[in-house]
Amino acid sequence: SVLPDSLVLEIFLRLPHDAVLRVGLTCRQWLAVSRDEFLWRELFYNYYRIPRSVPRHPAAVSWYREFRRLFDCIPCVEVQTLREHTDQVLHLAFSHRGHRFSSCSKDCTVKLWDTERPDGNISMVHSSSMRQFNWGYTQFSQFNADDTLLLVSGVYLGPHHSSSGEIAVISLENYTLLSRVRNKPYDVFGCWLNETHLISGNLHWIGNMTSCSVLWLNKAFQDVESENVNVVKRLFKIQNVNASTIRTVMVAHCGRHDNPDLLLDYEAQSQARRQKGQQQHQPLLFDLGTSGSDEEDEEEEGGLEHVIQNRKVGHTELAIETHVAKMMGRAHTKAPDLIEPSEPGEGEDKTYLLFTTGSLTYSPHQIGIKLIKPDQMTTCGPVLGEERSSYEFFDSLDHVIDIHGHIIGMGLSPDHRYLYVNSRAWPAGCVISDPMSPPPIAEEIDLHVIDLKSLREERRSLRAHRAFTPNDECFFIFLDVSRDFVASGAEDKHGYIWDRHYNICLARLAHDDVVNSVAFSPADQELLLSASDDSTIKVWRSPRMVRLVQAPSRPLRPRSLLSSWLGRNKNSTSASSVNGNP
């Protein structure tokens, strides 16, 4: 006799997901029950250990397909290891089309790679050494919006071991060097504002712990025909206190917020579903960087070296200096541009400059936001300083978000709605009395999520990766964000992937040393790269994509696809794990 569907369902509810798929192949009745939505809803929440209060992804068609998306479409299978670098690989960046990516390394080269070979393998197409320009190493790169130019940031070996950096712009048509811009301190990186202009910065020390960060807009092509055309323009001049400096500048184009790829606020998700369907977007700039200018003072030391030297100065003298600097700052700082949270239909053309900064110590612990106005988008206009009043010496920050920890990485979602921030938390309730002695920091890296529309932090912090270096040696761990996922490196020799909607860790990606950077392909989030101190770049694809590449000649039948999926855990040689479990 045939068992009733309700009894079969009760039995299936007590089985793991792979057993449900197998027994579903027994007969038509069992196959129908094995696709039951209630069954897969229960399997989904139990397997991924997601709180029941979290709704299904707004774009999901069914619980069965959603389970399969998280199980089968995560780039966690290692398919290639690139060994062309001879030293630690520090950063990876994709072109906006996804057809190329660049890599930077302690070997002082920037390399370009092709991702569109017919055999599916990735190959190097160009390598440039920057040693001829007295660079110590390359540390960051970024394609401009139309993928015609590459910004490369590095550490410049100036006199007195100064912490200066330099930015180079390389043509991707013939790999010629178009311009070089000094950038100080080096850990501000630099970034594109638009297709033809980049942001750099400079740092001037005013006292032992007080400095001034100047952010500059530079034309990428500096071989201009007329001496009357500006190639550089001062954007902002910001006072720093307590040994802090501006670092890690990024640009967010807030017009993208109107049709976000993903809403992390569940109430907003419900509202959006009631409105018209969401549109698909090409991911835009993923920007990182900060200061620089050609009028750099070569003799002036800056950054952490300057701070460490000034530990010898007495505590009372430093406190007096900070008090005087704050008084001077209040008297000579422009009023901020009030940034209000955007309402629907508003703020389409807003452009934000985002950067790390601080007010209590030299450890970067705040996100600063400046609104970039339309007349600041080009170097045309008044020459340097003409537009400034002597009574308005400094620009104020328009908005500040305190992370209460040491910030070690930032990344924008493709729609520029959310800013993801890697930080190592300070102890709860700690009080900083000495700017030269920041609090101890946690080994765990917290991944904060900031909504750039509401300008507040989403209470959805992610934690599953580790860092071990102490506060005064802390280095950058680059992260990246795709439509559905966020990934980050870590010092525990792994990369990590989370689902942005469900807030869960889905995979660990093994290396032999610290993982410094990860990058999703903008064209396909099932392709991920990871770069490590082990001098390699690893290429990761999803189990689904691996099957498609291995069997391109014939379409996969549902039954063979199902059995391939079932055999994933058995046959995969990946050095990763699902849901963070080895």
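Cβ atoms here come from the backbone N, Cα and C positions, even for glycine.
Heads up, TrEMBL stuff is auto-annotated, nobody curated it.
Summarising the annotation, TrEMBL assigns compositional bias 'Low complexity' to 270-292.
Per TrEMBL, domain 'F-box' is recorded for 1-43. When the domain 'F-box' (1-43) is classified with DSSP, helix, strand and coil residues number 28 helix, 0 strand, 15 coil.
Annotation comment: TrEMBL describes 270-301 as region 'Disordered'.
Taken together, the residues of the repeat 'WD' (82-116) have an average pLDDT of 97. Residues or ranges marked as repeat 'WD' in TrEMBL: 82-116 (among others).
Under the heading repeat 'WD', TrEMBL lists 508-540 (among others). DSSP assignment over the repeat 'WD' (508-540) gives 0 helix, 23 strand, 10 coil.
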Inset, instruction - Take the repeat 'WD' (82-116) and count its residues per DSSP category (helix H/G/I, strand E/B, coil), listing them in that order. - result: 0 helix, 19 strand, 16 coil
